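Trainee: Handing you this structure, nothing more for now.
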C-alpha cells in the first residue's frame, strides 16, 4: 500500500536536468565565421607588415635584382635599355620580367609611367605576393598542428631578418621562395588537410620556370610524394607529366616570342652554368662555405631554435629537413655560392623554429623578445644603410634627364667607372640618357673576347687615355667609388672634372667597392 502511495504522490519533485545538444549546423557556421575573421586579420596584418617591409628596404643586394628583371621589363615596354649577356646567350626566360612588363604597360596606358612608380610598383607587387604566401603559411601550420604552434611559427617566419631583406626585392630568388612557400601549402605533408597534387605541382612548375634551380629544392619532395603515393602510375601520367609539359611549353612559347627563335632557356641555363662552369666566372667559394658560413647567415639568430626544433619535430617533418640538407649539399658542390641561393629553404626551417618556441613554455616570451631584437638590428641596418649608395646615386643621375631636353647645355653623357652592373640603369631614370658602364661578360669562346672591366682596373689611366684620346670624346659625368679617385686624379684634374656629389654607400668597403660614391662633372 505504501508503495502505491509513493507512486501516486504529487509532492515536490526533484529537478530534472536535460542534456543540451549542440546544433551541428550552427557550430559549423560559427567555426567557419571564426576562421573567416581570423583569415582576414592575418591577411591584413601580413599585407601591412610587408608593405612597411617594402618601404624600409632601400638598399641594393645583387645586380640580378635589376638586370634580370626591371631592366628587361623596361626595354620590353619602352623600347630602350640594356640587355646583359645572359639574354644574348638565351639562358634567361622572359616569363618573370613579363610580369613586371605588364605592370609597366598599364602605367604607360594610364599615362602614369613616372620613375617613382616604375621603381616602387614592382616591389609593392612583390610585397603583396609575399603577404599572401605568409597568410597561407600560417594556416598550413594551423591545419598541421594547432593554433599555438601556428602562431609561434608565423612569428619566427615574419621576424626573420633575411626574409625581411629579400622578400620584397625583384629577385627571381624572392619569387622562387614565395612560390615554394605557396606550393608547400598543397604538398602532402603528414596531417595536411589542404593537399592538392595539381596545385602544388603547378606552383613548383612556375617556380622552375622563374628559376630552374628551384628543381633542386623540390627534387627530394617530389621523390617523397612519388614513394608515398599508392597510385604511382596515375600520379606520373595524370600530374607530373601533363603539368610539367604544359609549363615547359608555355615558357618556350613566351621565350620564342621575345627571342624570335625557338629557345629552351632551362636547358641553356643548366648547360652554361653547370656543365660549362660559366657561373665560376663570378667567383667561387670552398665546398664547406654554406655549412660554415652561408646557412648560419641566412637563418641568422634563429639557428639555435632551428637546431632545437630539429630534435623535437624530426620524426614528423623529416622530409622537410631532408630537403634542407639536400639543397645545401647540392649547392655545396657548385663552385659559385651566394646567400640567396639557399633562401627558398628558409620557410622549411621556420617550422622547426616554431616547434622550438612552442616547446619553451616557461621562457617562451623572453626567447621571442631576444629573437625579435636580434633580427631587428640586421634587418634595419641592411635594409636602410648597408649598400644604399648605388641606388641613391641614380636619383642624382635621374635629374640629368631635365638637362637633356635643354639645348643650351651640353647633352649629358654618363660613364660609370665601377665594377660592372653596380647600379641599376634605365629602369631607375626612365629617360634615354646616354650612359655606359664597364662591361664584363664571361668568355663564351667567342673570337676577340676581352673583359672591359678587368682591362680598366689593370691600368685605369691607360684605359682612360686610350678610350678618350680627345676632349670632345669625353663624357660629361663620371660615377666612381672613392677608392678609385686617387688612381685617376691626374686624369680628373687634366680634363677639369669637378666633384659635384658624394654619396654614402657602406661602412664595410671591400676591394673595388668603396665606402662612398663620387659624381664628377666636366667644366
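Each residue, glycine too, has its Cβ placed from N, Cα and C.
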Trainee: Please find, within the list 367-385, 386-404, 405-423, 424-442, the residue stretch that TrEMBL describes as transmembrane segment.
Mentor: 367-385
Trainee: Can you dig out which of the ranges 341-360, 461-480, 481-500 TrEMBL describes as transmembrane segment?
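Mentor: When 341-360, 461-480, 481-500 are checked in TrEMBL, transmembrane segment belongs to 341-360.
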Trainee: Any idea which of 200-220, 263-283 is down as transmembrane segment in TrEMBL?
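Mentor: Checking TrEMBL against the ranges 200-220, 263-283, the transmembrane segment one is 200-220.
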Trainee: Under a criterion of three or more Cβ pairs within a distance under 8 Å and sequence separation of at least 6, are the transmembrane segment (367-385) and the transmembrane segment (319-335) in contact?
Mentor: no
Trainee: What residues in the same chain, six or more past the boundaries of the transmembrane segment (341-360), come closer than 8 Å to it by Cβ-Cβ distance?
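Mentor: For the transmembrane segment (341-360), the far contacts come to 137, 141, 148-150, 152-157, 160, 162-163, 166, 173-174, 176-177, 180-181, 184, 213-214, 217, 290, 294-295, 298-299, 302, 305-306, 308-310, 312-313, 317, 320-321, 323-324, 327-328, 331, 367-368, 371.
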Trainee: Under 8 Å between C-beta atoms and at least six residues away from its ends: which parts of the chain pack against the transmembrane segment (289-307)?
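Mentor: Residues 156, 160-162, 328, 331-332, 337, 339, 342-343, 346, 349-350, 352-353, 356-357, 367, 370-371, 374-375, 378.
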Trainee: By a Cβ-Cβ criterion of under 8 Å, what residues six or more beyond either terminus of the transmembrane segment (319-335) are in contact with it?
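Mentor: Result: 189, 216-221, 224, 274, 277, 279-280, 284-285, 287-291, 294-295, 310, 341-342, 344-345, 348-349, 351-352.
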Trainee: Residues sitting near the transmembrane segment (240-258): Cβ under 8 Å, six or more positions beyond its termini, same chain?
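Mentor: For the transmembrane segment (240-258), the nonlocal Cβ contacts are 76, 90, 93-95, 98, 198, 201-202, 205-206, 208-209, 222, 226, 264-266.
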